[in-house]
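Taking it in order: structure first as structure tokens, then the write-up.
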């Protein structure tokens with residue numbers, strides 16, 4: 001049963017199994033284990049980013065394609081939900097229409113970009129996506145009539161998912177049984193389902209071919225697989241998954257703006273999560289996203305403490321300032337690409 | 001056995017189209033200018049826009065040329081190239097701010113000397129940085145495109161953050177040297193003096209580069225290396241050393257481009273390198289990865305189109321470049337002047 005659910009990809013390392021189980025339990029019972037607005041928010045963010053990072057890994061780790069437009073697809077899903085909710089009124093149909101159309105548009109766009117660039121060389125894709133993603137980000141902030149510009153959009157989601165809706169009077173384990181809880185579980189179970197789906201995909205024959213292409217595309221072509229078709233298909237699937245993650249994030253936040261869904265910073269975050277967690281394993285996305293989001297939320301305070309401690313010295317406080325968080329991540333990123341190309345998961349599996 | 005195929009040679013004069021085809025990229029630039037002349041109602045604003053488009057194109061070319069050569073020579077794709085643009089701009093602008101007595105004076109000679117000092121300083125700084133970047137970041141990942149993209153992107157992030165540490169997070173405003181402020185009027189069109197200077201520097205760099213590549217021994221080795229690196233090594237040349245040199249020169253040029261770009265915008269931020277990467281990539285793809293001439297023509301086209309479109313329909317300006325890229329790729333999937341690899 002478990003084997004089937006995980007598509008035959010068991011953790012294959014005791015520490016990894018414990019870690020994954022721990023993350024699953026913490027996320028599944030987050031509202032009960034860590035009550036408080038901020039920690040539940042963090043848990044939801046982790047769920048969404050796991051999907052986002054896993055979908056990126058589908059492209060990078062399995063397809064060997066570097067894209068810088070993943071936040072664009074993420075944003076398409078988020079704006080899909082936002083626009084549908086603004087124009088169709090609050091309701092589950094709006095959420096559904098928004099998510100599905102966002103995912104479809106993302107896949108279509110990925111198809112077009114992929115057909116243009118992947119048929120020539122895989123590295124074209126990286127450059128073209130970088131250009132297109134930034135153009136889209138500019139476009140979104142300029143078309144303020146439709147997208148709310150820099151301010152973004154706030155909208156209403158169905159009443160059943162808001163804190164005012166109570167389906168059970170009183171509390172269970174000190175947690176109010178309201179719509180917010182329902183919303184968290186909507187996000188959690190959707191993410192779980194999407195993750196298991198992606199796990200299924202990468203262990204299907206399709207995923208095997210992708211791996212073969214990543215290892216040696218020339219040989220894969222010679223065996224008779226149309227490399228371009230497989231790569232484009234992986235890109236489309238990955239884009240659609242990213243858009244769905246964006247939709248979930250938009251449902252959770254009840255707000256979309258360029259900063260939360262389209263910015264280059266998120267793109268860099270995704271890259272870091274994939275590389276640190278481990279490219280080419282879906283579990284790497286889980287570990288990477290969890291560690292990264294936790295660190296982002298809680299470690300920055302620690303850096304400020306460190307900066308205060310060395311405040312008398314020259315330059316050091318500036319280097320340790322919490323705003324310089326990206327600097328250290330960048331260094332970590334470079335080091336991990338050199339020394340741990342398989343990331344945390346690869347290390348754990350090897351050290352078994 | 002099948003019969004030998006018929007062989008009847010015929011004499012046919014090449015048509016005009018056939019004769020023009022090798023020059024198509026250059027003609028495209030001219031065509032774009034003529035198209036602009038038709039679309040823009042007044043000739044004087046067309047002239048202004050054309051000069052500023054050429055200036056912008058020259059600056060993009062200076063920034064992009066290193067990237068395209070590095071790729072052609074060693075198959076290394078450097079996503080951190082924008083870091084050199086930023087560092088060049090910051091070093092150059094800091095020097096200019098330090099030389100305020102020279103830039104503030106209304107004498108053209110003093111102004112240009114100050115600019116020369118700033119440009120040389122920036123080029124030395126970015127050249128050294130490029131050398132270090134090659135040693136530390138790029139060298140361990142030869143032959144891995146995926147890792148190159150990731151690692152150089154990481155390098156860009158680190159350099160960007162270090163700039164913020166050293167110069168602070170605020171953007172720095174800079175005024176152009178006194179004699180380069182304002183505009184000259186020519187045939188009813190106001191043309192900013194600085195843009196003329198930028199066009200001049202760009203043309204000098206392009207011609208210089210062309211001369212080095214076409215008429216010197218080192219240029220010969222570089223061109224041969226782009227076409228067939230293994231063969232050049234087999235003949236006894238140490239291509240690695242040449243490559244380090246090209247990387248260094250390319251970084252220095254990016255630094256030069258950064259100074260010019262910073263003065264053009266009159267404001268510099270740590271993210272300007274990252275932003276310029278977008279245009280650089282578009283230009284490099286349009287021109288054909290590895291081709292210097294293609295890069296030059298692509299840069300001019302992007303600069304001109306951006307200025308024309310920004311005048312006619314401001315909101316479409318950025319999209320127009322992407323549209324241009326798509327159109328060119330549909331016409332020639334490898335870019336306008338594809339580099340022929342002997343492999």
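The backbone N, Cα and C atoms fix where each Cβ goes, and this holds for glycine too.
Please treat TrEMBL annotations as automatic predictions, because they have not gone through curation.
The transmembrane segment annotation in TrEMBL covers B:23-40, B:47-73, B:79-97, B:109-133, B:145-167, B:196-213, B:241-264, B:276-302, B:308-331.
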Contact between the transmembrane segment (B:308-331) and the transmembrane segment (B:109-133) (3 or more Cβ pairs under 8 Å, separation 6+): no
Contact call for the transmembrane segment (B:241-264) and the transmembrane segment (B:23-40): at least 3 Cβ pairs under 8 Å, seq gap 6+: no
Dominant neighbour of the transmembrane segment (B:23-40) in B:79-97, B:109-133, B:276-302, by Cβ pairs under 8 Å: B:276-302
